[in-house]
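Chemist: Dropping the structure in here first, questions after.
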Amino acid sequence: NLLFQLLGLSIATLSTVTHYGLHFTLISNISLESNSYRVIHHAAFYFGICLSMTLILAALLSSAATVRESRCLTAMGFFWFALAFCGLIPAACWRYTHSTEVEDSMMDVYDLVYEEVRRNASSFRRHELTAIHNAFLCCGKHSPFGDTANVEGKTCPPGQAHDAGQDCLQEIQDFLKKHMVFVSTLLGVTIGLTVYGMILTSFLWFSIHFSSNLDRKGKYILR
């Protein structure tokens, strides 16, 4: 049960880092309403927090059921594990069927800001582009339109020329892939342990049930 509590805390920590981390909040604040990233950003946070609370509650109920040998608490623990499982399966399916949606939406935000700055050097977007370059430690991108030296000279980190710096689209892609490795690993571990929790609580319920029935056998009441 301690394992499930730690798992719930890990999910809550990862959700909080994803939601409040500099890289993610920066892109979320800049993205337009038409871009799907902001919706995904908030939905992932609330899903992670709800999932962590569900697992912690299921673990606490299972612990209490074991101590008190209560079939009711055991059934409640199974219910919360099953609820977590029902949420995890659609999340896992979405992760693998929309594997590039988050990546594409983040790069779309960068493309939009970069092209607006390129067309209008005095645009307020220049401050946002500078913030992205500083956060991801990258400098510009390979543009088919050319004429990028002026943009990068004003928005890249000091002393980092485009030739020496990282292409920002590639850097955003690499950063997100590393992050999604943690998400996918934690998602897989959580699904496995949730199934284990459901099996464990089912076994505990039947054990308490049959033990209770055996205690009644051989007892007679004299009237």
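Just so it is clear, glycine is given a Cβ too, placed from its N, Cα and C backbone atoms.
Sharing the features that TrEMBL gives for it:
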TRANSMEM  6-32  transmembrane segment
TRANSMEM  44-65  transmembrane segment
TRANSMEM  77-97  transmembrane segment
DISULFID  CYS138-CYS168  disulfide bond
DISULFID  CYS139-CYS156  disulfide bond
TRANSMEM  180-206  transmembrane segment
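Walk me through where these features lie, including what they touch and how far apart they are.
Modeler: Non-local neighbours of the transmembrane segment (6-32) in the same chain are 38, 41-42, 44-45, 47-49, 51-56, 59, 105-106, 109-110, 112-113, 128, 131-132, 135-136, 175, 179, 182-183, 186, 189-190, 193; each lies 6+ residues outside the stretch with a CB under 8 Å from one of its CB atoms.
For CYS168 (disulfide bond), the same-chain residues lying six or more positions away in sequence with a CB closer than 8 A to its CB are TYR110, TYR114, ILE132, HIS133, PHE136, CYS138, CYS139, GLY140, LYS141.
A 10 Å cutoff on Cβ-Cβ distances gives CYS139 (disulfide bond) a total of 23 other Cβ atoms nearby, all chains included.
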